[in-house]
Each structure stands twice: as C-alpha cells, then as structure tokens.
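Enquirer: Checked TrEMBL, it gives:
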- Arg95, Asn149, Arg285: substrate binding site (BINDING)
- Glu111: site 'Increases basicity of active site Tyr' (SITE)
- Cys171, His202: Mn(2+) binding site (BINDING)
- Asp172: active site, proton donor (ACT_SITE)
- 197-413: domain 'Glycosyl hydrolase family 4 C-terminal' (DOMAIN)
- Tyr265: active site, proton acceptor (ACT_SITE)
Amino acid sequence: MDDRKFSVLIAGGGSTYTPGIVLTLLDHLDKFPLRALKFYDIDGDRQQKVADACEILVKERAPEVEFVSTTDPETAFTDVDFVMAQIRVGKYAMRSVDEKIPLRHGVVGQETTGPGGIAYGLRSIPGVIGLVDYMEKYSPNAWMLNYSNPAAIVAEATRRLRPNSKIINICDMPIGIMDRMAAIVGLKDRNDLVFRYYGLNHFGWWTDVRDKTGKDLMPQLKEYVAQHGYWLGDADKGTEASWVSTFKKAADVYALDPSTLPNTYLKYYLYPQYVVEHADPNYTRTDEVEAYREKNVFTECARIKTAGTAKDTNFKSDDHATYIVDLCTAIAYDTKQRMLAIIPNEGAIANIDPEAMVEVPCLFGANGPERLAMGNAATFQKGLITEQNCVEKLVVDAYEQQSYTKLWEAMSLCKIVPDAKVAKDILDEMIPANQEYWPELH
Ligand code: NAD
Ligand code: LMR
C-alpha cells in the first residue's frame, strides 16, 4: 500500500495566490496527501498576514498537517518534496515601474512582455536561482514547480545556469483559456479536452482541440472566438475590466491565423498600438491588482485572523492552483497525465532551435516531463517564435555577461519596441530604477 504523505513548501508565501493554493491543496488531500505545508518569503511581515489566516484554515480542515511559516531558508527547505515557487522580486512597487516607464515612451508596459518583462526577468533570475540552490542544498530529491514570472526568461536562465536541477516551469494562462474553451463547448473543465499546443510562454497557439471521444471541437471554438474572443458574456460579470478587454481582443488575434487558436498575450505583440492607446500611464495593471486582488486577499486574511475561524471564508481555489496540484500528483504517482510545461525544445517543434525553451504538452510522471512532438511551426509562428526567443536569450546573455549592449539588443529586437533609440531611452530609465536588483551593466 502506498501511504506516502508529502511535504510542500510555498516559496513566496506572502503572494496573493497563496490562500487559493492552500485551499486547493486542502480540497485534494484524498489524491495528494500532505504531512507538512510550509511558507517561505523574504518579507516576513507580508507573509505573516497570509500565514495567520492559512494556519487557521489548515487547523480547521486538516489538523494532522504540520504548518510552518518562516523566513529562514534552512527551516523552509529542509525535508520538502515539492517547492511551489511564486516570487515577485521587487514586489508590486517594481511591477508598477515596469509598466509605467515603457508607457511614457509610447510602448506597451506589461509585466511579462516587452521592456517591462525584460526588466522583471533580470530581477527574477537571481531570485529563482537562489530558491533552486536552497532546494538542492536542503532537499536534493525535491521537485520545484516554478511559476514566478516572467516564466520564459526564468526558464531560459534555469536551463543555462542550473541545467540539472529538478525545476519545472509552468504557466496558468493556457490553463485558464482551456477552462474557457470547455465552457464555450459545454464541457465541465479543461480535463475534458485533449489538445495540441506549441509556442513560447505567453506566446503560443492551439492547433487541435478535441473532446475525449475524439470529436474535433476546433470548428465550434473558432466560430465563437471569431466573434467574442475568449470572453464568456454573463459568466464574466465579476472579471476585472482589463481581463475582459484581453479576452475580447483574442478575436482580433485569432483573425490573423484562423487555422489555430491563440494565447491571449499575443495581443501585446500583434496589436501594441491598440494596447498603448487604451492604456492609462497613471493607472496600470499594478494599480488594478492593488485595488482588487491584493486588497481582497489581505482584507480576508485579516478578517479570518480576527474571527479566529475560516469556516465562512470567501477564498476559493483557482485554475492555476488545481493545475499545480495535478502536476504534483502526476509526478508523485507517475500518472503520465498530459499537461503543458516550458521545457527545452529538443525537437518538439521540429523547425525551431532545439535549445529554445518552448511551451508544449508533456506526459508527466516520476521522471518529470516527456515532451510530445508538435511538428513544424507554420511560417508566421516560426518567425514570431524565433524573434521572441532570441529576445529572451539576449536577456539571459545580458545577465550572465553583465552586458549593457546585450540588454539594449534585447529591447531593440523586441517586436513591440519601435526602434533602438526608444529602446535605449527606456533602458536608461530602467537601469537606475532597478539598481537594487539588476547586476551592474558595463
Ligand atoms: P506578490 O507580490 O503578491 O507575492 C510575491 C511574494 O514573493 C511577496 O510576498 C514577496 O515578498 C516574495 N518574494 C520576493 N522575492 C523573493 C525571494 N527572493 N524569495 C522569497 N520570496 C520572495 O505577487 P503575486 O501577484 O502573488 O505573484 C507571485 C508570482 O507568481 C509572480 O511572479 C507572478 O507573476 C506569478 N504568477 C504566475 C502565474 C503563472 O502561472 N505563471 C500566474 C499568476 C502569477
Ligand atoms: C498577475 O500578477 O496576476 C499576472 O500574472 C496576471 C495578471 O493578473 O495581470
């Protein structure tokens, strides 16, 4: 009989996503049993607010699970089986800078795409590498599921700097879209879909979507997406304004290649002028998150602490969290479940650089991911992927070589920056703003 129970560490315990993940873990103890749940963060005060509420949740729903919240790496990383990494290096204060500097130059300001993502990438690399090193020192058999953004750049950095580490880079965006696809065709959730998908993180396309009987769902999905994008109408009543606009805009992204279905984030690359025209440089996504998600999470944590109970909490498990639990379960029990991950290409997309970190379906088991072959990228996709992948590689070159020129090249090559002068102006403002986090560039 398999009576294993797992010890899970959430790195970035103070994250707004933590309560949702804890709730999902507690809801799935039958398939993924826990013996310990730990939080680690470098901001002890922020983490404490989330931990106070989560400790009550755990005590009420699974008192047998040991709960630990700490800022000490040794305490955190010792005796763990899985690390879920969700750090935001520089926190929301720096996300705001990532978004607002480019916008002042008429360029998309977004946390994972364009100059904002490049800036965030340079901050995230040492943060995530630090977590990998702690894991390897204190729990060398553990697996890390990393979803700290910008996942594409972080994945390229871990491929190069820690090639043998047990880190799997993942993203919730395709997962969220597949839940929407299921809703569009009247199925329960994404696990009812069988799909083919290829690209880079936040930069990919579905080429095939079927139900479990093999029925092709692409015609029905395409008809819907051509009109509404991934917007679900009434079911999207509570969705934040910027996301409603992103889901709707997928209709225009789809129009460019009606043979596939796109990831929403491609709107930043294909319609950057539209995005800038509809942005307010004084109120970006950071301000929206602070006013909505962050406020709700911390208000609810404080309420639970004061009440001393979480029995009536409005915290809900989310798409993102169920995906993480599914992935841990697949690795722990060798289920060979088919799931997306960001991994070295090695032929999965036949006409793309074998070294590129691509996002493709994999079968997950005890040895980690086994990639599935997706064939050739079409010419349009090949061009976009190749350019964007070179941007991501140049950012990691800049980090490794402390090179101003490589970073300037990365920003100039990026499709959403109009020319090298604009790239330089943005870069020269970003350097002092990131002084505390970036390597010194020469
Ligand atoms: P947040 O600011 O609420 O939380 C991040 C936490 O990380 C903070 O408490 C911060 O103190 C901590 N932190 C920063 N640097 C650290 C370090 N070096 N070591 C340990 N902790 C550190 O941010 P959030 O909005 O909840 O997002 C967390 C991360 O998850 C971000 O990177 C975000 O982009 C990412 N995210 C990824 C996905 C995905 O599927 N890829 C989805 C959503 C969010
Ligand atoms: C986040 O920080 O939440 C992002 O990953 C996605 C968003 O909400 O902008």
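Note: Cβ is positioned from N, Cα and C throughout, glycine not excepted.
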Enquirer: What same-chain residues, at least 6 away in sequence, bring their CB to under 8 Å of the CB of Cys171 (Mn(2+) binding site)?
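Expert: Once residues fewer than 6 apart are set aside, Cys171 (Mn(2+) binding site) is near Tyr147, Ala151, Asn201, His202, Leu340, Ile342, Glu359.
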Enquirer: Among the recorded positions Cys171, Asp172, Tyr265, Arg285, which have a Cβ atom lying under 6 Å from any atom of ligand 2?
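Expert: Only Arg285 meet the Cβ criterion.
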Enquirer: How would DSSP class Glu111 (site 'Increases basicity of active site Tyr') in three states?
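Expert: Going by the DSSP assignment, Glu111 (site 'Increases basicity of active site Tyr') belongs to neither helix nor strand, so it counts as coil.
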Enquirer: Output: those recorded positions from Arg95, His202, Tyr265, Arg285 whose CB lies less than 6 Å from an atom of ligand 1, in sequence order; none if no residue fits.
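Expert: So the answer is none.
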Enquirer: Is any of the recorded positions Glu111, Asp172, Tyr265 within 10 Å of Asn149 (substrate binding site) (Cα-Cα), and if so, which, in sequence order?
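Expert: If one measures from the Cα of Asn149 (substrate binding site), the recorded positions that come within 10 Å are Glu111.
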Enquirer: Just report the maximum Cα pair distance in Å for the recorded substrate binders Arg95, Asn149, Arg285, no decimals.
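Expert: Taking every pair of listed residues, the largest Cα separation comes to 15 Å.
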Enquirer: Determine which residues of the same chain, besides Arg95, Asn149, Arg285, have their CB within 8 A of the center of the CB atoms at the recorded substrate site, and list them by sequence.
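Expert: Sorted by sequence, the hits are Arg88, Tyr92, Asp98, Glu99, Gln110, Glu111, Thr112, Gly116, Tyr120, Thr286, Val289.
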Enquirer: For the recorded positions Glu111, Asp172, work out the Cβ neighbour count at 10 Å and name the residue with the minimum.
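Expert: Fewest other Cβ atoms within 10 Å, among the recorded positions Glu111, Asp172, is found for Asp172.
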Enquirer: Looking at the recorded positions listed here (Arg95, Asp172, Tyr265, Arg285), whose Cα lies nearest to that of Glu111 (site 'Increases basicity of active site Tyr')?
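Expert: Of the recorded positions Arg95, Asp172, Tyr265, Arg285, Arg95 has its Cα closest to that of Glu111 (site 'Increases basicity of active site Tyr').
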Enquirer: Counting only residues 6+ apart in the same chain, whose Cβ is under 8 Å from the Cβ of the residue listed as 'active site, proton acceptor'?
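Expert: Thr112, Thr113, Met173, His202, Phe203 - these are the non-local Cβ neighbours of the residue listed as 'active site, proton acceptor', listed in sequence order.
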Enquirer: Measuring Cα to Cα, tell me the gap between Arg95 (substrate binding site) and the residue listed as 'active site, proton donor' in whole angstrom.
Expert: 19
Enquirer: Around Arg285 (substrate binding site), which residues of its chain at least 6 apart sit with Cβ under 8 Å of its Cβ?
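Expert: Once residues fewer than 6 apart are set aside, Arg285 (substrate binding site) is near Arg95, Glu99, Gln110, Glu111, Ser242.
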Enquirer: Give the residue from the binding-site residues Asn149, His202 that has the most other Cβ atoms within 10 Å of its Cβ, counting over every protein chain displayed.
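Expert: Sorting the candidates by Cβ neighbours within 10 Å, the top entry is His202.
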Enquirer: Taking the Cβ of Arg95 (substrate binding site) as centre, how many other Cβ atoms lie within 10 Å?
Expert: 25
Enquirer: So, in DSSP terms, is Cys171 (Mn(2+) binding site) helix, strand, or coil?
Expert: coil
